[in-house]
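Participant: According to TrEMBL, the feature transmembrane segment maps to 6-30, 37-54, 60-87, 159-181, 202-220, 273-291, 297-319, 331-349, 361-383. The region 'Disordered' feature in TrEMBL is assigned to 391-423. According to TrEMBL, the compositional bias 'Acidic residues' annotation covers 411-423.
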Amino acid sequence: NVNRNMSSLSLIFVGRAFGFLSGSVIGGVLLDILNHFLLLGVSMLTTTVGLYLVPFCKTAVLLIVMMSIFGVSAGILDTGGNVLILAIWGDRGAPHMQALHFSFALGAFLAPLLAKLALGTTVSAENRTEDDSNHSALNQSSEADSESVLGVPDNTNLLWAYAVIGTYVFVVAIFFLALFLKKSSRQEKAKVSAQRSRRAKYHNALLCLLFLFFFFYVGAEVTYGSYVFSFATTHAGMKESEAAGLNSIFWGTFAACRGLAIFFATCLQPGTMIVLSNIGSLASSLLLVLFDKSPVCLWIATSVYGASMATTFPSGVSWIEQYTTIHGKSAAFFVVGAALGEMAIPAIIGVLQGQYPDLPIVLYTCLGASIATTVLFPVLYKLATSPLHAQRKGHRKSEDQKALLSSSELNDYEEDNEEEEAEKWNEMDFEVIEMNDTMRNSVIETSRSILTEPLAEVSGQSHTSAVVLQSPVNHLARNQAKRD
């Protein structure tokens, strides 16, 4: 569309790669400030505008700028998508994380088919012929058209292909903005503040090791997917059709296993899936190195390697969330590590493979990356879990101390209760004794008063009776004296 051959447009890939790195860093900073739905919606609206403008670009500089903007949007989307999944589901979002990364694989499978339908084989052949035979004429035409920066493309199918993808991205952006209008910022702030309480002791060390882990993993994935065709044709002696099938089976098993991982993640822990992926990638890459010229081994080991590499990245993001909360800056850090691995390792391997064409440098790289990830993950696990065990021991110790304190307090409380009860019983006894004394005195006084009154009456009666009795006695005594 800009009348340039592919070698002169290599800056497109450089611009997109640096845009992706910039977008990952910018997205990591903005995700901690802005609403996630708003940021992703605006980013995809920017992508929509860029997609609509790419077919109208007539200069290479404008095309490179547009692709750099694409890279920024892709970096924000990659970082923001992972952070959004973790913000909504936390450490229980492993199936959702697998589904997110499965959509990447599905899009990578469908987009080339759409481009092939839009461009057609005849157009691509004509473009290659023109690029190879009429390079000087194209340079003259590009110089003649350099004054017009934008223009209608000659191939309308190209315009429709970008328009379809741009419209699709626009619809998704509308959904993000609708969620932003529906989402309550107060609830989001409360959720974020609740999540900030969980932070591993070796948080920074975990992020640095995860940076290296994703650097080797993504670098090996992109390296094998990019060079397996040329390796199969030049080193293994396969036909181009067979080499294309080998490339297809790698990405096919990669996408299929990511789709199946959505269901596997519901019953398997992320750490278990990482261990299985590391074992599969290490075994398959070792078989590739040992039997590098065997077609049967290449087919089997390539399919196993693609399936093993599928779940590592989403499982790694879900695994780290179990031990420490991942915010925007943290996610941007290991996404940048993955992007650097995607840029650096394939570039270095391309140079080394050109210098040593007889050696399977690609396979050695995959084996070395598998060894690195297999060694790094136990270290990551040790750093993530050792503070947890210490906390559990401390927690148990504190619980034991609390139990001892509570038991001692209970004993003291029981002793105090016993003393209080004893004092109460003593007081009650004294009260009873005092009450008994008082009652006894009162009873005695009452009895005395009761007895005194009858005695007085009795004494009075006895006196009268004595007086009454004394008169007859005296009378009888006198009579007896008279007789005498």
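Backbone N, Cα and C atoms are what each Cβ position is placed from, and that goes for glycine too.
I'd like these features described in context: how deep, what's nearby, how far apart.
Facilitator: Sequence-remote contacts of a segment are chain residues at least 6 beyond its ends whose Cβ falls under 8 Å from one of its Cβ atoms, and for the transmembrane segment (159-181) they are 35, 37-38, 40-42, 44-45, 47-48, 51-52, 54-55, 111, 114-115, 117-119, 152-153.
Outside the transmembrane segment (202-220), and at least 6 residues removed from its termini, the chain residues within Cβ reach (under 8 Å) are 281, 309, 312-313, 316, 320, 323-324, 330, 333-342, 344-346, 365-366, 368-370, 372-373, 376-377, 379-380, 383-384, 387.
Residues 17, 20-21, 24-25, 27-29, 31, 75, 78-79, 82-83, 86, 207, 210-220, 222-223, 226-227, 313, 316-317, 361-362, 365, 369 of the same chain, all 6+ positions outside the transmembrane segment (331-349), place their C-beta atoms under 8 angstroms from a C-beta of that stretch.
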Participant: Using a Cβ-Cβ cut-off of under 8 Å, list the residues of the same chain that are 6+ residues beyond the ends of the transmembrane segment (37-54) and lie near it.
Facilitator: 23, 27, 30-31, 63, 66-67, 69-70, 72-74, 76-77, 80-81, 84, 150, 162-163, 165-167, 169-170, 172-174, 176-177, 179-180, 183
Participant: Using a Cβ distance cut-off of under 8 Å, indicate which of 60-87, 273-291, 361-383 has the most pairs with the transmembrane segment (6-30).
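Facilitator: Looking only at 60-87, 273-291, 361-383, the most contacts with the transmembrane segment (6-30) come from 60-87.
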Participant: Could you pull out which residues elsewhere in the chain have a CB under 8 Å from any CB of the transmembrane segment (273-291), counting only those six or more residues past its ends?
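Facilitator: Apart from its flanks, the transmembrane segment (273-291) reaches 220, 261, 264-265, 297-298, 300-302, 304-305, 307-312, 315-316, 319, 360, 363-364, 366-367, 369-371, 373-374, 377.
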